Structures are given as C-alpha cells and as structure tokens.
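Heads up, the thing below is written out as structure tokens.
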Amino acid sequence: MSRHLVSSPSPPAPRTRLPRAPMLWAAFGAACVIFQAWVLVRWAADGNLRLYSSSGDMPAWLAIATRAEMVVAVAGCAALIAWGVRRSLKAGHVTLPAALVAGYILAIWTDPYAGAIHHAVSQNLHGVAYPTWGPYLPGWHGPLPQAQTLLENVAYVWVVLWILLGLGVARLLRARRPHWSRARLAAVTAGAMFVIDIPLEHAYMRFGGYGYPRALPGLTLFEGQWYQLPLSSPFVMTFLAVMPVVLMTIYAPPGREAWLLEGSLGLPRRVQPWVRLLAGAGFANACMLALQIFMLAASLISHPIELPPWYGPPA
C-alpha cells in the first residue's frame, strides 16, 4: 500500500497590529490638509494672491524694527525646519520635533477663526500683508476687511520653539528634583512656561509683530496700550500648545516614544514617514483649533481699545 505524504498547511502569517494613536492622528491630519487645500485654492482663485500696501504713519524706529523682525522670524523658521530635517536624517526616521514643525506649518490656515466674530488680532500692514482667507472658512462671520501677515503666520512655526523650551524646563526640573511626581513636574513646568511666554510674546509684539485690539477686563497687561497683552494668550500657548507635548513626553514609559507616534516605527518604510508627519499635522491642528476657539470665546467678554494707525484695517 502506497503511502502519500501530505504536508501540513503553513500557519498564517501574523497580522501586523497598526498603531492606533498615530494612525488616528494621521487620518485627522490628512483631513485637515485636504480641507485647507479646499479653502486656500478658493481663496487664491478669487484673486487674493496680492499684497496690501502699508497704511498709517508709524515711527521710523518701529518700521525698521518690523522689517528686521520679519527677517529674523523667517530665518528662525528656516533654521527650525533645517534642524528638524537634520535630526530626522540622523535618526533614520521622522522625529517628534520634525513632525511638529510640519504640523504647525500645516496649522496656519486655522488663524482667522480667532476673529470669526470680532477683530481678534490687529495686523501690522508695514510688513508683508495679504487678504485673510477667513470668509472661505465655514462659520466665519468676522468684520471685513481683514489681513493676514507673514509676521503672524510664521509665528505658528515658532510654537515649536516654545514647546522645546517647555521640554527643556521639564528636563531641568527632573534632573534637579528627581523625587518629584510627574504631576508636580508638569504643574511647575506649566507655571514656568506661563511666565516665560509673557516677555517673549511681548517682545515680538513691541517690535511690530501684531497687536491685540481687545482687552479682557482685569486680565490684560498694559491695558489700553497698542502693545497690551491679554493673559488669555500666554494661557492658551502654555496649556493648549506647550503642555500637551510636555505631558505626553514625561508620561511616556522609559525607552518608548511619546504617545502621538508610539508604534509607528513598526510600519512599512514607504508609509512610516507620511504617517508620522501627518500625525504631527493632526495633533498641531487640533491644538490650534482649540486655541482659536478659546481666543474666540475670550473675545466675547472683551472690549475694544483704540489702536495706532499702523494697525488700522487694510484699505
């Protein structure tokens, strides 16, 4: 009797488990990229790729400072981008800072939402200024005309510098106070960043970056002056931009990535960088949308102040 040797079937290949958090954030980031493309293409098609001319007298020193600040701001953005690319090439993958730099560039489109009802930010038309894309955003009913400026828009990329400062403060505190709990470390870091933000943002404003045309009663530094600073601004920068990244970093288990990107290094090489970049975009867009909504809500309980002519509406 002949015997037939039957080979046993091969076991099925193990299924790769997709990293949930990075994939979800990347999906949201992709949706935001598609949405902003829809907004900006319509904005550009309607003839808005043009510059406003400067209007209103401005002190000579401030006009010079505005142009100098613009050069420094753009150079700083270029340096942050180059640093992120260099770090990623050295690591062999897109790093968290690089993903955040890309994310905040792709979050600039959210800017007009803070002024969806009231004129929330006054733009210095002596810099590079162009028409706002607010009217092309769903739910936007702000006053017109309004401008966007290069000085304010590039500040979104500078948010990453604020985040790096927050991470630096947290690491310094952890080294000096290793016995502190993570909750205490986060609380002290948040308090420090709130204080640090005030002189940094105020300096950016005093040299012509932008201004706040509305004051929060009792919660505005230099209230009534063109360089006034509502405390809602350092609050949102601290708690809606800096601290989310600080928290996910200090709460990450030893040897593992921050929650935003955790597990994404196991993805195929052809999709891994895109998932990590889009996850950064999704996270930054969520933070900035929350920031704009908070600033919009704060504008409802604020009152307008008189601003100098260089912060007037575009002609």
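Glycine residues also receive a Cβ, built from the backbone N, Cα and C atoms like all the rest.
Because TrEMBL annotations are produced automatically, they should be read as predictions rather than curated entries.
Annotated features, as they stand in TrEMBL:
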- 21-41: transmembrane segment (TRANSMEM)
- 61-84: transmembrane segment (TRANSMEM)
- 91-109: transmembrane segment (TRANSMEM)
- 155-173: transmembrane segment (TRANSMEM)
- 185-204: transmembrane segment (TRANSMEM)
- 235-253: transmembrane segment (TRANSMEM)
- 274-301: transmembrane segment (TRANSMEM)
* Surrounding residues of the transmembrane segment (21-41) on its own chain - C-beta under 8 Å, 6+ positions past either end -> 103, 106-107, 109, 133, 136-137, 259-264, 274-283, 285-286
* Asked: Hey, which bits of the same chain come close to the transmembrane segment (274-301), Cβ under 8 Å, at least six residues off its ends?
  -> 21-33, 93-94, 96, 98-104, 106-107, 110-111, 113-118, 120, 156, 159, 214, 216-217, 230, 232-233, 235-237, 240-241, 244, 260-261, 264, 267
* **Close approaches to the transmembrane segment (235-253) from elsewhere in its chain (Cβ under 8 angstroms; 6 or more beyond its ends)** => 96, 100, 159, 162-163, 165-167, 170, 174, 182, 185-186, 189-190, 193-194, 197, 201, 259-260, 262, 283, 287-288, 290-291, 294-295
* Structure fact -> Near the transmembrane segment (61-84) in space but 6 or more residues beyond its ends, with Cβ under 8 Å, are 95, 97-98, 101-102, 124, 126-128, 150-151, 154-155, 157-158, 160-161, 204, 207-209, 310
